[in-house]
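Worksheet: one structure, shown below.
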Amino acid sequence: MAQKENAYPWPYGSKTSQSGLNTLSQRVLRKEPATTSALALVNRFNSQSTAAPGQKLAENKSQGSTASQGSQNKQPFTIDNFEIGRPLGKGKFGNVYLAREKKSRFIVALKILFKSQIEKEGVEHQLRREIEIQAHLKHPNILQLYNYFYDQQRIYLILEYAPRGELYKELQKSRTFDEQRTATIMEELSDALTYCHKKKVIHRDIKPENLLLGLQGELKIADFGWSVHAPSLRRKTMCGTLDYLPPEMIEGRMHNEMVDLWCIGVLCYELMVGNPPFESPSHSETYRRIVKVDLKFPSSVPSGAQDLISKLLKHNPWQRLPLAEVAAHPWVRANSRRVLPPSAL
């Protein structure tokens, strides 16, 4: 059944491109992942013929004999292609497992989403949009989506595995980070978000729970609408993460990529202090403090970090420090110990 299901381009709606990352341009698909095994995961669908919704691939033979031969050699993934390991986390729409692709022995995080839950919440189009956004992104500090497939009941996302898990869990253990670690994270974030913004992608939800750690401790931005590891239930409201909301969103004004600048300012404060800057006993008080930018620093926060945070947490989005200047900030330059992972060298 899984093979037959995968003959269709997308389990919802009238999407006309074929399943997997075949929805992306060849230029994007040919960007080299970290390993040959990762490249194989990304390119699994490259030689398939295009099928319209409801068409079986076998019925679409107008692409020529070369493409047809390639299709026979590169079948869509099914769950049988993977060995499933321990659970990495649970989310509203499904679970995440450590997994290994049998042929290549390549380790991944396999996100399994239940169609029934997605349909119940009416978020089919959001899921499709978020998959396409993350699939286009290739940066050493962004968790990579290698591919996806589906069967009758589930949708599977094949994701890069981040061995050291959530940044949030490490922050819980240590309560605060030192200047070196915080500055390193700020440099990694500014670089990754600069890349995103150039591609017209706004994350909107930068927070410790959505930041993962690679083998060398390098930052990996995750959750472009869908968590990869176990999501936390803290700081949730129906309009997003309360403590990280910028003034323009609270006030119902139009927002743009400048919201990410506000978020990394809040994050920098939380990493240094142990709690968000506008955290209050009630939602209404938190809203009030955000709108007024009621920012107070404990004496433990060094002056350089205070300067950076103050320049990011501006009520007027256009007055916030640009990402290029975040990476070049004297405090970041003096303290960052950023080490690029092998895939970036």
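Note: Cβ is positioned from N, Cα and C throughout, glycine not excepted.
When Swiss-Prot records Leu88, Gly89, Lys90, Gly91, Lys92, Phe93, Gly94, Asn95, Val96 as binding ATP, the matching candidate from Lys111, Lys115, Lys120 it lists for that site is Lys111. Annotated by Swiss-Prot as region 'Disordered', the relevant range among 1-25, 176-200 is 1-25. Counting every protein chain shown, the Cβ of Asp205 (active site, proton acceptor) has 19 other Cβ atoms within 10 Å.
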